[in-house]
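Engineer: Let me begin by handing over the structure; questions about it come next.
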Ligand SMILES: C[S@@+](CC[C@H](N)C(=O)[O-])C[C@H]1O[C@@H](n2cnc3c(N)ncnc32)[C@H](O)[C@@H]1O
């Protein structure tokens, strides 16, 4: 029986228990706002292409703005909440992500869905500490200006404040209009791709902007491979994280969405195949599972 099927009874139970706080609340709010009406129990999406937003189906055209709203809400508390939700483990994963990248001096990184700059900061620290290099540079792009603003503030009090090693741009990962083709050495996306409407388009854009020989790297939540850990993880995700969101950030809905979106993301194997389908070459199976598969690092080369 697949992991997903094993998880279903528990996730359904949790989703039901949390119904009042589910992402459906956000979806309905948006529909009502757009339609100027307050009631309709049938699905208004029948004649439109739909996608998932957490456990709910929404029109593809609406997902981007719903995701935008989530991250605009969480931006101010994002770093604190990341530590609280992951018990600090996200730091270990991000450190491992950069170690596995092992960037050389002068590397030009594009960090997509860069948020508050965790990957960009670690990348520049690595180049500085390991190579004494100040020629590496990172462009952070994100669809959400609120998240980038938090990142900019952080870099202002860093060793990179008055250098030309950082730049910030509002861009959609699905069409990086301001980024030239074959212009970057490494492309990273950490905990961002599962929020995108068309994951395949994101990977194709990564392929376009990378130089020949360049590397695509993704850090994302993935599928837990141990049944016992999977049960504990489900309880923690659905019963604890939304409550932490409420207590720390006064925002249960956004954190409910975040845990639901994790369950909707493909398995390690499926995602590795999507990366190969976009034209990347992978080494071995193309990924490394972290903490029983709670997260995974995927990597592909543009050969
Ligand atoms: C969970 S945060 C991750 C931030 C950072 N990479 C980190 O690891 O801490 C996800 C980020 O993805 C961004 N995002 C969501 N959809 C996006 C899209 N289509 N294009 C670019 N960024 C997107 C959000 O605005 C948010 O900043």
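From the backbone N, Cα and C atoms, a Cβ is placed for every residue, glycine too.
Quantities reported herein were computed from a predicted structural model and do not represent experimental measurements.
For reference, TrEMBL lists these features for the protein:
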{"type": "REGION", "residues": "25-52", "note": "region 'Disordered'"}
{"type": "COMPBIAS", "residues": "29-43", "note": "compositional bias 'Low complexity'"}
{"type": "BINDING", "residues": "116, 142, 172, 173", "note": "S-adenosyl-L-methionine binding site"}
Engineer: Per 10 Å Cβ neighbour count, which of the binding-site residues 116, 172 ranks highest?
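Structural biologist: That would be 116, with the highest Cβ count within 10 Å.
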Engineer: List the same-chain residues at least 6 positions away in sequence whose Cβ sits under 8 Å from the Cβ of residue 173 (S-adenosyl-L-methionine binding site), in sequence order, or say none.
Structural biologist: 112, 113, 141, 143, 189, 192, 193, 196, 202, 205
